[in-house]
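Colleague: Annotations per TrEMBL:
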- A:30-53: transmembrane segment (TRANSMEM)
- A:84-110: transmembrane segment (TRANSMEM)
- A:85-296: domain 'ABC transmembrane type-1' (DOMAIN)
- A:122-145: transmembrane segment (TRANSMEM)
- A:165-189: transmembrane segment (TRANSMEM)
- A:227-249: transmembrane segment (TRANSMEM)
- A:279-301: transmembrane segment (TRANSMEM)
């Protein structure tokens, strides 16, 4: 007996019933949040753009007038602004990278068994739990102070005498305080990465003849890549906005030697009362941040997708 | 190539606790395929990991090719290991995974590639060399793990339940592949499994462990035919051997309401007044309990119901070629008994049957110590 096998009619996915209505049923509860977000983030940004097109100094009432892009031209020709922008990059990149290297080192130490590991871990996390203002004050007075600072005290036998660290190395001093505060964060992230590493892979590497350093380079570091990238991006997002440490330790000085963009904008707006100028700087900074963070976020999302 | 010796090797995780591996003695000849088998927690994986250098040797020693391994790190032992979850390096390609042990030994790059390619050819992985392990199926990953082990050309292969994550069909085909490959390469292999079928089919010899102690180390046939003690008898064979602890009578033993006569020379080995009798499921003949022939080809009627045991069938499992009858004896405890017969016996639940041991070769164990008599 022969029978021709008939191809069944092609099956197409069935449209869900009430697709449109159900979509709105789901979306509607989100609307209040959306409206609120627009009010608190997008409207101020529009106002800022509007201010940035005006010449407006609060000290001179009635000075407000529309000047077009003049403020932007001033921003880009302002050498101080460029210097401060460079400070921001140096401070952010330096603090994030140094904190990451130290955090990774501490995480590797904490990843092994030893007596009192819980206590050591808690102590290492503590800097992250301290209020940034308090931490900055601590570094300024207890550690860096030229007269009674601990660092000079410890170094005095070596003839280091009376260095005023904050005046001599303002930007570095701020960076040191930031590294101290952010190392625990990097440590926690990389420690989580280390502890999520499957044990048998490490054992396989040992059997395959890899020494400790080879295992770290060939197996552990690639595994940690996405944790490190995440730490760098999150750390950069926070540290680019550093204000408290600079305010407490150096006031951006001497001159603008240790000012970063948020602090400089603050100075122009609330000490110089130049609303138009500072608004224009703010807009430039926001645009630059969006561009940089788009690339950064794309980078980490790509490596996360690779893994999953 | 090398022989492997466990010489009173022990592993104690916490001081004072029961050892995970207790004074294990094994002598594995060069090129031999030895299977360590046992229930969970028997110490079989620990023993393998001690050989691999992933666990300390707390007592005794382990020698590979005559060289003691106490205090020798795994990378200096010239071994290769296949892990249960394969333990492939997730951020390396298949090719890099397989080349890794060579790279760690500083083998020249061109030689690395040549060996990886040769191994990939054998294992059918040539098309996958540039893929990451994530993009492979379970069976392919298993083969990559095998490949990583064989490119090394080690002295000893260690395999820790390498088939347990494969589906049933894959497991059977890979089982024969591994056994064939081992014979071809002639590398001493220690293979851990909890699956007695793998143990029986793959190993030249099988070491059965329980509670960290070696129960028996013998060829699969010996393990089946002459189990050293009650534990081995119950562990090897599926369905398991029927084990009854019975009072000894003048002629044999009392079982259920009847007496099972034992040959004189068998009876001579019993000294106590109780004994553990082991009868494999296939060592029974089944006769219809009401006297009419009902057991088909396997029905044995003539021998006299006097030496038979009455039982009632609870469950019949038809497997096509065979059937398993799960029954209980007509004694007070309703002792369960398993019988293996040919297929299509027509036996049904509730049937009364008379079971007669067909073989003289019954297994007797000391009721106290469990040792074979």
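Any Cβ shown, glycine's included, is placed from N, Cα and C.
Please treat TrEMBL annotations as automatic predictions, because they have not gone through curation.
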Colleague: Please tell me whether the transmembrane segment (A:165-189) and the transmembrane segment (A:30-53) touch - that is, whether there are at least 3 C-beta pairs under 8 Å between them, with each pair 6 or more apart in sequence.
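Modeller: Output no: the transmembrane segment (A:165-189) is apart from the transmembrane segment (A:30-53).
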Colleague: Using a Cβ distance cut-off of under 8 Å, indicate which of A:84-110, A:122-145, A:227-249, A:279-301 has the most pairs with the transmembrane segment (A:30-53).
Modeller: A:279-301
Colleague: Using a Cβ cut-off under 8 Å, which residues of the same chain at least 6 positions beyond either end of the transmembrane segment (A:84-110) come close to it?
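Modeller: Non-local partners: 117, 120-121, 124, 171, 174-175, 178-179, 182-191, 193-194, 216, 224, 228, 231-232, 235-236, 239-240, 242, 256-261, 263-264.
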Colleague: Apart from its near flanks, which chain residues at least 6 from the ends of the transmembrane segment (A:122-145) lie with a Cβ under 8 angstroms of it?
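Modeller: The answer is 106, 110, 151-152, 165-166, 173, 176-177, 180-185, 187-188, 244-245, 247-249.
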